[in-house]
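One structure is given below, encoded as structure tokens.
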Amino acid sequence: MFDTHCHLNFQAFDTYFNEVIKRAFDAGVKHITVPGTDLETSKKAIVIAESYENIYAAVGIHPTKDLSTESLKSVIYKLEEIALSTKVASIGEIGLDYYRYRSSSAVQKQFFLAQLELSLKVDKSVIIHNRHASKDVLDILEGNWQNAYEGRMVFHCCEAEQEILNFAIKHDIFIGVDGDVTYDKEKMKFIKNVPLELLVIETDSPYIIPEPLHSKKVFPNEPKNLSYIAKKVAEIKKVAIEKLSETTLKNGLRLFGLT
């Protein structure tokens, strides 16, 4: 299996990092992508990726960070420097977040656009964060679409909206499904309609804990729990767990240009 979005670079894993990795590999999670949310966590993702053959880094500035127009040029320059590492598979996670509104929508859009452009410049895939901002995210993507994005972009923890799915199918964008699919009925209905060839599975550890751990309030989430997501998605899609695991693994490798 491939956990395409797992924040092993977050503090929640500092004290027992090696055990988390071992449990993940023992549970059949053979590939992991670790996304950054700012320069510090992006650099940490690279350090982690450099220590493991099948762990990859993504570097990016999350929209909930304290962003400013004044810092844009400097931050993108520094991001480009670290994005050139051979262990960096993607720019992310980037996008828009109107739920946690630390930066104005205008500044978020500037950072989103600049990082989309950076992904083309350094030839990396893109991990998109979208929370309560679907219209603006789709407008920006539609207005700045390049064929190079096809098959190399993912809607991380994708919101259950038909407009997003239509756009994803049209442009060959992957849909990331997380632990909430094990308890959120709307997400279950949504995933049922996503083509299997566009699905990737992700834990978003340490967050979005799947059932049966969610109701027990177990924290933090770990990549080993990807199996709960895979099992539920296989059930929804009416396919064998082996087929689901194999297909989403291939999808993850294609997404990050690892094939």
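Backbone N, Cα and C atoms are what each Cβ position is placed from, and that goes for glycine too.
Note that the structure is predicted; figures quoted are calculated from it, not measured.
Quick look at what TrEMBL lists:
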BINDING   His5, His7, Glu93, Asp204  divalent metal cation 1 binding site
BINDING   His129, His156  divalent metal cation 2 binding site
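Same-chain residues that are not part of His5, His7, Glu93, Asp204 yet have a Cβ within 8 Å of the Cβ center of the divalent metal cation 1 site turn out to be Cys6, Pro35, Ile127, His156, Cys157, Glu202, Ser205, Tyr207. For His7 (divalent metal cation 1 binding site), the Cβ neighbour count at a 10 Å cut-off comes to 24, with all displayed protein chains included. For the binding-site residues His7, Glu93, Asp204, a Cα-Cα cutoff of 10 angstroms around His156 (divalent metal cation 2 binding site) retains Glu93, Asp204. Spacing of His5 (divalent metal cation 1 binding site) relative to His129 (divalent metal cation 2 binding site) is 11 Å (Cα to Cα, whole number). Long-range Cβ neighbours of Glu93 (divalent metal cation 1 binding site) (same chain, at least 6 residues apart, Cβ-Cβ under 8 Å): His5, Pro35, Gly36, Thr37, Ala58, Gly60, His62, Ile127, Ile128, His129, His156.
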